[in-house]
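First the structure, in the form of structure tokens, and then the observations on it.
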Amino acid sequence: MKHYVAVDIGASSGRLILGKLVNEKLQLEEIHRFKNGFTYRDGHERWEIDQLMQEIFIGLEKVKQLGISECVLGIDTWGVDYVLIGASGEKLADPISYRDKRTLNAVQNLTSEYPREYIYKKTGIQFMELNTLYQLYVEERNLLERAEKILLIPDYIGYVLTGVKVAETTNSSTTQMLNLREQLFDKDLLSHLNIDVEKFAPLTDAGTYLGKVKAEWLEEYDIPNCDVVTVATHDTASAVVGTPAEGENWAFLSSGTWSLIGMELIAPINNEAAFKENYTNEWGAYGTYRFLKNIMGLWIVQEIARMDDYKHSFAEMAEEASNYPYFKQIINVNDARFNNPENMVDEIKLYCQETGQTVPETIGELTNCVYGSLALYYALELEKMTEITGKKIEKLYIVGGGSNVAMLNQLTAKLAGIEVFAGPSEATAIGNLVVQMINQGEIESMRAGRKIIRNSFEIGEFSCGDVRFEEIKERFTKVLEFN
């Protein structure tokens, strides 16, 4: 029996999940979990990338302690951030987080030189200041000139483990530097940044064999001899693979630190309507596209908890929230002011004050405000998606950590007026494992993998119901007018 390890690292935590296929059912075991985050160093918010590597080795040592001497391994992480590699293969600096303030106004500055419509027609990717395109636009020239290669975070981890440099496509597409039609890094865009296309590794599809873990790591650490497979390395791409969807006319919501809501399509949509609504066409696994919108997610609730010194669990916060009427206060969760404020609680209160609403005071009111606002945003985006794609959405599959928040799932079902299916919460790791198993011939296809997922995990169901959607939508429109 083959053993598979998913290295799944998000913006706030990481984990190593051991998986195996037994009687057409996936069995999972969490081997190691660790915190992730950025710290302010050398003038920027930076990821502790060396510490992440140590956590991976700790997890792999735990796998070996289970008596597993060989395994298959795949890596997925958050997107857009990168590591600059020098001529000798060394890391030139710790990677800067997408939440760093260095890209403020970068979209405006670059698009004043290079029209938005032109960039969108080329890439089909939404405009966000965190995109790699704008990070590289403001990167130190000295570092860029010294860099031989630019590797996104999961590709860097794969490189450290195996010595092989690649640019996996699902994650590379989020950079806003891939040409949608040519399916290559866009030389024209890169030349505008004065970056040679050769600084990027060869594009590689999800499901491609990468290589064996280097012998030096087997000597330094007591870890299994692993074959590394390049999975869908963008965590959302893996989460979509791990979505237990069936049939047609469904949408997905990967709910975690970020909310990514969209549809899986076989062809991109980069027309005027998609451009106007800032929709993105990220590449998916096995020739698909993730037509989606990036929305702020549980980050806001996580920050409320942090400001409260974690006195309440997230379950307790949701319970407190249920004691208050929904939609008493509504915030625009995608307002840039909620991206990384010094104090999230104060920012929410100030927003409500500025928009003529009552100010939430308790932890329950604040949580209620955020969950209600997120559900409203989801429903509005599903409406827009239907208009742009011409496809009727009948079901929404919520996966990731947010699938455990029953209140948010139920509010979304009511506002959107469609059935909502929630779970599995570890869809990203599951999608990572499924791609590995397809590579190894244990699962036939992504469709077959999704059937196995449905048979392996409990999926929650939330029915739609009557709610004053149009009235709430009108109130939200008035709130936006204050901005």
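Each Cβ is built from the backbone N, Cα and C atoms, and glycine gets one as well.
Copied over from Swiss-Prot:
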- ASP235: active site, proton acceptor (ACT_SITE)
- ALA11, SER12, SER13, GLY14, ARG15, THR257, GLN302, GLY401: ATP binding site (BINDING)
- GLY79, HIS234, ASP235, THR236, ASN294: substrate binding site (BINDING)
- CYS352-CYS369: disulfide bond (DISULFID)
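Calculated from their C-alpha atoms, the gap between THR236 (substrate binding site) and CYS352 (disulfide bond) amounts to 31 Å. Taking the Cα atom of each, ASN294 (substrate binding site) and THR257 (ATP binding site) are about 11 angstrom apart. Long-range Cβ contacts of ALA11 (ATP binding site) within its own chain (separation 6+, distance under 8 Å): ASN36, GLY37, TRP78, THR257, TRP258, TRP299. DSSP gives HIS234 (substrate binding site) a strand state. Here GLY14 (ATP binding site) is positioned 34 angstrom away from CYS352 (disulfide bond), judged by their C-alpha atoms.
Local packing around the Cβ, expressed as the count of other Cβ atoms within 10 angstroms, is greatest for THR236 among the binding-site residues SER13, THR236, ASN294, GLN302. Sorted by the number of other CB atoms within 10 A, the binding-site residues ARG15, HIS234 start with ARG15, the lowest. Cβ neighbours of GLY79 (substrate binding site) (same chain, under 8 Å, six or more residues apart in sequence): LEU152, ASN171, THR174, HIS234, ASP235, THR236.
The local packing around SER12 (ATP binding site), expressed as other Cβ atoms within 10 Å of its Cβ over all shown chains, amounts to 15.
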